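Participant: Here it is, the structure in full.
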Amino acid sequence: MSKLIEYDETARRAMEAGVDKLAETVRVTLGPRGRHVVLAKSFGGPTVTNDGVTVARDIDLEDPFENLGAQLVKSVATKTNDVAGDGTTTATVLARALVKTGLRLVAAGINPIALGSGIGKAADAVSEALLASATPVSGKDAIAQVATVSSRDQLIGDLVGEAMSKVGHDGVVSVEESSTLGTELEFTEGVGFDKGYLSAYFVTDFDAQQAVLEDPLILLHQDKISSLPDLLPLLEKVAESGKPLMIIAEDIEGEALATLVVNSIRKTLKAIAVKSPYFGDRRKAFLQDLAAVTGAEVVNPDAGLVLREVGLEVMGSARRVVVSKDDTIIVDGGGAPEAVEARVNLLRSEIDRSDSEWDREKLGERLAKLAGGVAVIKVGAATETELKKRKESVEDAVAAAKAAVEEGIVAGGGSALIQARNALKDLRASLSGDEAVGVDVFSEALAAPLYWIATNAGLDGSVVVNKVSEVPAGHGLNAATLTYGDLAADGIVDPVKVTRSAVLNASSVARMVLTTETAIVDKPAEPEDDGHGHHGHAH
């Protein structure tokens, strides 16, 4: 296919226009008084959302060069969402501010490599300063506070706080749609682990990029599965049962994986294949944990259980399985409570007997997964559109709460970034030339999130930024009440992990745009003339 090429300033300006269009669309959602964006869907009703990454994912621009810029900033939002689960709009407006000011300076003759280096060093310094100023989070109320800020809903915040305090920091919180109008919390037997689906073709919920199976049969296999003849007899029995299938094994590859994928695409058998976590003996032990939770028997050729000879009697079950690209959650496993209890007691005694600190830590992880169970937040609403929006809010709140527990919190509302400018003074003094200018560019960009939070609340962004620059650390604008004060006392806090991810990802993509010298895109296909054009014929 033939290509279109743009060079130098023309390429960078086109990309900047794309960055601007995406950021301008996303920034309206920022802050407690942020607005909604309505997304038309090719099927079903429109989606109404104030979630930055949902808006960003939906944007593709007509001009291919502008679209390059938009896709780069979209990657900032997506990456921040993947790492921290929130902070996508903050990352987007930071990236836009860096690109806008940076390109103006590059056009004026500043060296883009040195400028980018200064921006990178400034981002690292701010990231370290945010970590150093973090307040640890523990306890139901503190977690609820973070979740409330993320979701802008006290009820959701309280539910997430209760869920996290019950299942523990490493526990699993699953979000489901409910058929009722209310949102409620329940605790069930279940387990989660850090492995995702082996093929994106297993995905059933394309918006959330998750594979979800209701009432599946679960096969646990100790070794690799690659041979189709070995797997086929069992697949046929599962297909006859009419239930979906989940396979957890050391690996699933070759013909076996290809067959599962083809069946999923054709919808002849809904299936998901997942690698079992850990290595060696720890993997074998964790499969036994899963066997207790699901009621399955681990298929192990060493113990005389051969895959091609087993039937449905070795299969476990669960009410629901949710698998993303990185995580698996098994909700309401079909195993007997006594079996889970026995497994928990065994793990506790192993922890007591172990001399190795590392072994004790890993056994403790498994114990937390087993004993904690799964907290399920069931989200209900009056309409399909409202339900989707509310479910998104709950998922963001859970992600924010987990991020807060991991690295602590700082004052929210964009003020932590304004106050992090102090960390750049020493760095600025130690650099010279265009690198030092990069630090100045970054310092100026740190005001962007607060500026837009204030603007969306109907205030003058520049005035608010100047005022917050002068208040004590931890103080700032509460955009919900339009007052200034101690933000932590008002419950306006952000997880450090979210803010740091936004800073580092925005800096990374801005440096890419600033140092771009050539942009190459596919030439758009000319619309075909089918010979039926209107040539002024009289009818």
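Backbone N, Cα and C atoms are what each Cβ position is placed from, and that goes for glycine too.
Pulled from Swiss-Prot, these are the listed features:
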| type | residues | note |
| --- | --- | --- |
| BINDING | Thr29, Leu30, Gly31, Pro32, Asp86, Gly87, Thr88, Thr89, Thr90, Gly413, Asn478, Ala479, Ala480, Asp494 | ATP binding site |
| COMPBIAS | 523-533 | compositional bias 'Basic and acidic residues' |
| REGION | 520-539 | region 'Disordered' |
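Tell me about the surroundings of these features in the structure.
Facilitator: In the three-state DSSP reading, Asp86 (ATP binding site) counts as coil. For Asp86 (ATP binding site), the Cβ neighbour count at a 10 Å cut-off comes to 34, with all displayed protein chains included.
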Participant: Using Cβ atoms only, which residues of the same chain lie under 8 Å from Thr29 (ATP binding site) while being at least 6 residues apart in sequence?
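Facilitator: Within the chain, Thr29 (ATP binding site) has Cβ neighbours under 8 Å at Arg35, His36, Val37, Thr49, Asn50, Asp51, Gly52, Val55, Thr89.
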Participant: Cβ-Cβ under 8 Å from Asn478 (ATP binding site), same chain, 6 or more residues apart: which ones?
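Facilitator: Sequence-distant Cβ neighbours: Gly413, Tyr484, Gly485, Leu487, Asp490, Ile492.
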Participant: Between any two of Thr29, Leu30, Gly31, Pro32, Asp86, Gly87, Thr88, Thr89, Thr90, Gly413, Asn478, Ala479, Ala480, Asp494, the residues recorded as binding ATP, what is the biggest Cα to Cα distance in Å?
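Facilitator: The widest Cα-Cα gap among those binding residues is 20 Å.
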